[in-house]
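Chemist: I grabbed these lines from TrEMBL:
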BINDING   Q249, F276, D296, D344  S-adenosyl-L-methionine binding site
ACT_SITE  C370  active site
ACT_SITE  C370  active site, nucleophile
Amino acid sequence: MTERLIIDHVGHFGDGVAASGGETLYVPYALGGETVDVLPSPGHPDRRALAHVVTPSPQRIDPFCPHFGTCGGCAIQHWQDDAYRNWKRQLVVDTLNHAGIGCEVLELIDAHGTGRRRMTLHARQSQQGILRVGFAAAGRHEIIAIDHCPILDPAMHGAIEAANEIAELLRPVSKPLDIQITAADNGLDVDVRGSGPLGTALLMSLSKLAEKHNLARLTRHGELVIMRKPPVVRVGKAQVTLPAGSFMQPTAVGEETLAALAFARCKGAKHIADLFCGFGPFAFRLAEKFKVAAFDSDAAAVTALQNAVKLTQGLKPIKAEARDLFRRPLMPQELRDYDCVVFDPPRQGAQAQSQQLAASKIALAVAVSCNPATFARDARILIDGGFKIDSVTPVDQFRHTPHVELVARFRR
């Protein structure tokens, strides 16, 4: 039985929000001002499934992907660009306001570029023996098989076909399979998780597949299976060999944009601590002007950074150290060596490190964040510790989703 709702606005997760009988209801793929017919969403009493748009918003557009609405990868392809961009910037404004942080939020920077250069595909076999390779369905525990994804970088060409062939080859030795694919500059880097042991015949078949699809490397749970050539990426002046399964910004333009914003906000510094440095997307660019000390808990990423430093000329000194900054943040006495800190933590933020920054005498800090909520928490710690926040710049690297990144500077 359908229910008719009037959508008030689009919420923070990209769903239409409506009031009905004293309840707040969430309707994916609905826009503010629309009248819609909806159906119950089993297992989710506060959610409704969109059945029909009775009165569409003038901001509604046709999605460009045939899988939109069933595939859970994109939440928003149906909204006019200007309205979408304003909404995404407002996500940051609302989060900061909720935390009592008053500062200017600049215009959203589009950093999608030519598309995503990494993805994880899932392979699942049904009880009937049907193998599906694709992305998780929107709101359901099933896999939507896809043969094309229009938001991928052209460098990912052939990645979906390769994943399908890998899943088919590993079918006899696989449980549920996850296939992470990253576009390096010289081929695809693939890490497979969920397969059983690989025999000689399988290794020979995988070797042929790697040649066919220009796989630079194939690993299983991070352990090397096939290496045709070390997968490398250009990072500023450096060429870095990717650690297996390591984190990399999803778009090349996104990495360049975040690094450039951070670089510009370090003006006046001489010696910078780059915290949560990964394999060096900020460190190598910062070292074109500043002396850098880089820290991260991912030992393989730090080793990759150190190896690339040895092969790169024309940079200021870079020192790198493997260190868990969640358990062992840099303490105030250690921070005396630096006049600026750049930190780009995972989604959980950098609460422990922010507390030590607030207690230190550091006068300049640059925060990069992929989670406005944990950024606001950490920013409040810094502000209460005597820092003042400059303007915040939101960055849209995850286009068509509610995820937004940002860069901000703190001074005292």
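The backbone N, Cα and C atoms fix where each Cβ goes, glycine too.
TrEMBL entries are annotated by machine, without manual review.
Give me the local environment of each listed feature.
Modeler: For the recorded site, F276 (S-adenosyl-L-methionine binding site), the DSSP three-state label reads coil.
DSSP assigns C370 (active site) to coil, not to a helix or a strand.
Within the same chain, residues at least six positions away from C370 (active site) with a Cβ under 8 Å of its Cβ are P346, R347, H403, E405.
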Chemist: Quick check: with Q249, F276, D296, D344 left out, which same-chain residues have Cβ atoms within 8 Å of the centroid of the S-adenosyl-L-methionine site Cβ atoms?
Modeler: F247, L275, C277, G278, P281, F282, P345, P346, V368
Chemist: Name, in the order they occur in the sequence, the residues of the same chain whose CB lies under 8 A from the CB of Q249 (S-adenosyl-L-methionine binding site) and which sit 6 or more residues away.
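Modeler: In sequence order, E255, L258, P281, Q397 meet the Cβ cut-off.
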Chemist: Once near-sequence residues are set aside, which residues in the chain of D296 (S-adenosyl-L-methionine binding site), 6 or more away, have Cβ atoms under 8 Å from its Cβ?
Modeler: L275, F276, C277, G278, V302, A320, A322, R323, L325
